[in-house]
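K.L.:
Found this in TrEMBL, in case it helps:
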type: DOMAIN; residues: 163-443; note: domain 'SAM-dependent MTase RsmB/NOP-type'
type: BINDING; residues: 290, 336; note: S-adenosyl-L-methionine binding site
type: ACT_SITE; residues: 389; note: active site, nucleophile
């Protein structure tokens, strides 16, 4: 029932599935195999929630009358029937037993009837020809139709289908070597002694220093490797995030840094680690800001764990920097912008059903506002970086263009990153998430 607990908690608390899995499944006494299957069910059900609800509604006379807890259980069994191809009898029995665990009366009988209807419905799934019907295509990939349509328009049909398929895969596991504490050889030897495989990572034509792929996620449960995590010597982070952190830092070591949208300190750790690699030491004045107090507290805790310098950690609205830190200037500002997160759907499957097409305009407004607010705090000759984990044109190239054309962006030029105007990783099977980054340079004062 662990998968049911995760699905229910994600719905009730509007939580992130991975966070709930870490508490409910990863800390359970289940076997490694059972934990893996429960995780598969939970992530798959959350990622396909909208499509599963549509199928369940087709099997109900009055969909609005079903209890949410019953629907949670039906979603899991429907996911097994439609997307995992589970044998009908077993899926129906399991679904009914799940409902009986919290409602042994009429709800269990309803679940039995509904699941038998869904067994018959799956013959007709996806209820259309995916080659000619966008709704049917979206159903096969468990994507909202608006999102599938947008991807098709911006990427082209083949690339969009590949993107959606990759978004439904299990995300690869990557770790970053924390150069603030150890060198790469130390970590490689730790994995070798534990007899666990790791692989160096390249994205496209770029090697990502200190980035290691861990083919078997259970490796981090090995006590010696778990200690590497606990001691802040390695950090779990997608390869694309590591690539951004490795390349957005200016050529010359900045005297001061402001990180906007610092969250739980993942980019903080990566940036300071890469400062050690690039400059030989951490950046001495490193300031962060995030609008959630609990994240700021977690940032301070993790900064200590990983041995990274954070001189000040503010909680506040980054759109109001002038009020929070008036007249303060920085050599380098990194804006890790809130976004639709469409490049991270494997890791955050709930995003696709929580985000609407109308939400994109709000993200763009916030992203552009954050850049404009930050611009006034970049010292002459300093740099301003902008990063997202999404793939939409308006949030990436559109925001960059709008900023450069704005009054606040008039004093900035677009800098080169690895010989390109931007860094953009592509979500593909077995590869990193999709991230985007650019760096602007403020013109020196005349």
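Glycine is no exception: its Cβ is also placed from the backbone N, Cα and C atoms.
Describe the structural context of these features.
P.N.:
Mapped onto three states, the DSSP output places residue 336 (S-adenosyl-L-methionine binding site) in strand.
The Cβ of residue 389 (active site, nucleophile) lies under 8 Å from the Cβ of 240, 241, 339, 341, 343, 344, 433, 434, 435, 436, each on the same chain and at least six residues away in sequence. DSSP assigns residue 389 (active site, nucleophile) to coil, not to a helix or a strand.
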K.L.:
Reduced to three states, what secondary structure does DSSP give residue 290 (S-adenosyl-L-methionine binding site)?
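P.N.:
Once the DSSP labels are grouped into three classes, residue 290 (S-adenosyl-L-methionine binding site) ends up as strand.
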K.L.:
Long-range same-chain neighbours of residue 290 (S-adenosyl-L-methionine binding site), Cβ under 8 Å, sequence gap at least 6?
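P.N.:
Correct list: 261, 262, 263, 296, 299, 313, 314, 315.
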K.L.:
Mind looking up the mean pLDDT for the domain 'SAM-dependent MTase RsmB/NOP-type' (163-443) in the predicted model?
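P.N.:
Value for the domain 'SAM-dependent MTase RsmB/NOP-type' (163-443), mean pLDDT as a whole number: 97.
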